[in-house]
């Protein structure tokens, strides 16, 4: 990276590290100037709450309890917490370090750390953008249930509605009667979705869902239009309120008959499951995905921290709050499942079924117990996680073009991103929208994410190197990370992520929705969706090598050399050369 003469620094070996009073005054003025150019969180608590709000989602509330059920009950806690300590906490801390030190979003931060894999940063932005175009559709579903929960009786608990197929409907839990559908399933399929026969039959728009989707995106916009200033204020409510609902549900559920049997089923360990490789892979994947590694959101949020913020403390708080929520949700879910088994006179293992999308289906059977609380809870879970993904795209565009277009205001930029995402989400609220949703989710959250995670860890932990990463920590926190973090970054995290990637490839299955099989053309569309994000990794590497000079070996060496100034006490004080900040230029 070429830096102008006025921005050049005295070599570290010739510099007097003793700061005089005048030096401290100049640094204070430069720090204030840097923070004025890039906003920061109003307080440390806002960053923690925003991170917790992003990390905690539907995976904690339903996927984690289901994995416990299918992977040895209480025994699943052993691989889960092992993977949390060896993979989750170190990688979250790593992303915080990268974001806070560079004070840049994931695209430009990765480009400075490892120019060869600068495409990884752009890929995380693309996958977050794709993710929020369909993930926020869940908010429209939550709003639909919310506004349909105010009647005298909940419409998904009865078979006496116009949308019910009476001969095929069970107002209770159908159990092993596979020819029957529950009332809640029919409400979901025939009333909410008005589901068509397949992706080939798009049908018309579901205008109710269209309106709810519009309301959801308006809510997202007003959460992010002022950047971290508005997001931080919203986080005080959205990150805390769902816990009141969880505890209220737990207090209610544990008093119900059968709750004890459900909880015992949840916590009773089946130690033989620990010898199955799949259980350990599932534990690693759950930790990895629930914390939100490789989406770029954690790097983006950390980039708005002050330079000396204690991110080690924050990483521990967020990681363990996320795990606590998963365990708390497990008690809530299985106490309710125990009650369902009791009233339908069925064994617990006939109630707990596949965790994929069950949060939107099977819990309707006992929603009448919760007096609509699930609708509030699911709305807040999807809402708060949804607007964090939009932040990633807005941060990238602002970092990339902010110096080129002075009049590019964040409010207008956020509005433009929200409008585009809303338009791209419209196919999901057609009568065939559920098939589009499932296809997008499978090829984005399953296929693309694990590849991005592997290349991100490769770029930061191995190519950039643990020694440089440790130096960044020392600059910010005053001490180097201990041997635990260095060992995890150097060896354990890359190997674990590699194992997850290999396992995902070996266990890959085409997308399905229930018994519906997608046509070949839809599978091709799904792979194109996956490639939309992944393709930037090889393209970025090819462009970087091509733009360098010398032999192939010299070009590779240059491409693997970071451009970030590790001699700077605070890189945010530098006046960056705009030409060097463009992503696809030499030495980004």
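Keep in mind that glycine also has a Cβ here, set from the backbone N, Cα and C atoms.
Automated prediction, rather than curation, is the source of TrEMBL annotations.
TrEMBL assigns the feature transmembrane segment to residues 487-508, out of the candidate ranges 487-508, 553-574. Within its own chain, the transmembrane segment (119-147) has Cβ neighbours under 8 Å at 58, 105-111, 192, 208-210, 212-213, 215-217, 219-220, 294-297, 299, 360, 372, 374-376, 378-379, 382-383, 385-386, 389-390, 392-393, 396, 417, 421, 424-425, 428-429, 433, 436-437, 440-441, 444-445, 448-449, 452, 455-456, 459, 529, 532-534, 536-541, 583, counting only residues six or more beyond its boundaries.
Here the transmembrane segment (316-341) lies next to the transmembrane segment (47-65) in space: the count of CB pairs under 8 Å, restricted to residues six or more apart, reaches at least 3. As a quick check, the transmembrane segment (77-98) and the transmembrane segment (520-542) miss the bar of 3 or more Cβ pairs under 8 A, pairs 6 or more apart, so the two do not touch. The stretch in closest packing with the transmembrane segment (487-508), judged by the count of Cβ pairs under 8 Å and taken from 47-65, 209-228, 240-259, 442-466, 520-542, is 442-466. Under 8 Å from some Cβ of the transmembrane segment (442-466) lie the Cβ atoms of residues 91, 94, 98, 110, 113-114, 116-117, 120, 123-124, 127, 130-131, 134, 288-289, 293-295, 486, 489-490, 493-494, 497-498, 500-501, 504, 508, 511, 526-527, 529-530, 533-534, 537, 560, 562, all in the same chain and six or more residues away from its ends. Its Cβ taken as reference, residue 56 (Na(+) binding site) is surrounded by 28 other Cβ atoms within 10 Å in the chains shown.
Between the transmembrane segment (209-228) and the transmembrane segment (520-542), fewer than three CB pairs separated by 6 or more residues in sequence fall under 8 Å, so the two stretches do not touch.
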